[in-house]
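Enquirer: First, the structure itself, so that you have it in front of you.
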Amino acid sequence: MKDPKTLTLDPPPPQPPPAFSLFPTLNPPQKTLTFHKISTLLITFVAYAAFHASRKPPSIVKSVLGPDPNSPQTGWPPFNSSRGPHRLGELDLAFLSAYAIGMYFSGHVGDRIDLRVFLTVGMIGSGVFTVLFGLGFWLDVHSLSYFIMIQICCGGFQSIGWPCVVAVMGNWFGKSKRGLIMGVWNSHTSVGNIIGSIIASSVLGFGWGWAFLLPGILIVIISIIVFLFLVVNPETIGLKLPSEEEEAETEISTEGMALVNLQKVDSEEDDDDDDESTSNGVVSSSPAIGFLEAWKLPGVAPFAFCLFFSKLVAYTFLYWLPFYIRNTAVAGEQLSHKTAGILSTIFDIGGVLGGILAGFISDQIEARAVTSIMFLTLSIPSLIFYRLYGSISMFNNISLMFLSGLLVNGPYALITTAVAADLGTQTSINGNSRALATVSAIIDGTGSIGAALGPLLAGYISTRGWNSVFFMLILSLCIAGLLLIRVVRSEIKGKVNEGKWLWFSAIAC
């Protein structure tokens, strides 16, 4: 029991959503546990897809805001000068830096208030600042500081999304998650990118402000659904997960679950030997693992730095691909802003399949590092071919872009989900959930730094030519793969010692 002298205030338990009062049939036993698990999965999927949809417009309007070599008088000051790409890269840096830093603070706050309310606040804030960016078109704003401040604020609100949706998923799906399942759920990022690209590209002809206005309104509308219907955990509505799921080690540890769970350390420091649950439903009585200790765990540093370079490549495509397509002739024809934006969704469609495929393969061969290095190695020639032959014809452009998206996003999705979970629950730390949180924070935080750096570098390097940008991306993929070589060797040796992969031993001999 807690010492009354050191008693701290626990956060209030989450309340049932308002919709459960408006629609009594949603309450158990009218609706089963399975129904609510599926509902939670769908709501969190749609919610985070909306975050990415509202995050996509800056990449779509780059070709409109930035300088056009064929029409020097076009563009939007201060982005239409020779240093325009630099300014656009600085916008990306402002957003992604605020996003990366905000993730850690969001974890602290999300652990202390109702996640449903916190997620709603994040969605509304993201929508408001996305709309404010678009209002710069109608208000004729040409101040760089205005747009940078908007992106900083938007990045802060966007950082709320991932910790909340993954924490909620952890409450409902506490049982160990396989790579395939997490790959499917994690496809909401690519789905959101596709939706945002289509919406923003479709309205560019009416003015670039509409590309921000509509996605901003969309996420606000979906936030209402989240506020009304999202159930934070089963106990809130009187349900209980099966005992085997309650006892399973949580393996959902992507960009936000770790950051939310990391704060369990603070709220439980005064607990004695009794196991106690926090408001988000995670139970742990093990001592927290130190930050430096977590870095020393097998595999953590290699995968963390691998994600740094892998995410650098993925986010460079996320923010600069439409601009690249617009400024590169396909079959001798310069594509319109709208066509370039819609065509860029092919990369995200490939990313959906890549995340699922990487998860499935890693499950089948039971080797995450081997799967990751396979995808990273194959992505290098795919980018080379896309740069060299993507402009020959529309068929080449689409097929090579799809293949590049599949191979680039595969390891990125795998590392942020199943890999982080594996490392945080390895036998050397006895499945300590606090170690899981710390390890995941290290991996995802390191990757977010790369995500912030990549688009900024692309903005500066693109002025020297796109060959230089692709060289940077290919070099990053090479480094990412090299960082995993020792882990790959360890995985292969382990499989051979287990009596598996004997064919590999025969080939090696």
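Including glycine, each Cβ sits where the backbone N, Cα and C put it.
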Enquirer: If TrEMBL is the reference, give me the range from 274-296, 435-457 marked as transmembrane segment.
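Expert: My reading of TrEMBL: the transmembrane segment range is 435-457.
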Enquirer: If you count every Cβ pair below 8 Å, which range out of 180-204, 300-321, 341-362 shares the most with the transmembrane segment (469-488)?
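Expert: So the stretch in question is 300-321.
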Enquirer: Please figure out which one of 33-51, 210-232, 341-362 racks up the most CB pairs under 8 Å against the transmembrane segment (300-321).
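Expert: Looking at each of 33-51, 210-232, 341-362 in turn, the most contacts to the transmembrane segment (300-321) are made by 341-362.
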Enquirer: Pairs of Cβ atoms less than 8 Å apart decide it: which stretch in 117-138, 180-204, 369-389 has the most with the transmembrane segment (144-168)?
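Expert: It is 117-138 that shares the most Cβ pairs under 8 Å with the transmembrane segment (144-168).
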Enquirer: Considering only Cβ pairs within less than 8 angstroms, which of the stretches 33-51, 117-138, 180-204, 210-232, 369-389 has the most against the transmembrane segment (341-362)?
Expert: 180-204
Enquirer: Which of 33-51, 180-204, 210-232, 369-389 shares the most C-beta pairs under 8 angstroms with the transmembrane segment (117-138)?
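Expert: Per the Cβ under 8 Å count, 210-232.
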Enquirer: In the same chain, who gets a Cβ under 8 Å from the transmembrane segment (369-389) while lying at least 6 residues past its ends?
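Expert: Sequence-remote neighbours of the transmembrane segment (369-389) are 299, 303, 306, 310, 313, 354, 358, 361-362, 396-397, 400-401, 403-404, 407-408, 410-411, 414-415, 419, 466-467, 470, 473-474, 477-478, 480-481, 484-485, 487-488, 490-492.
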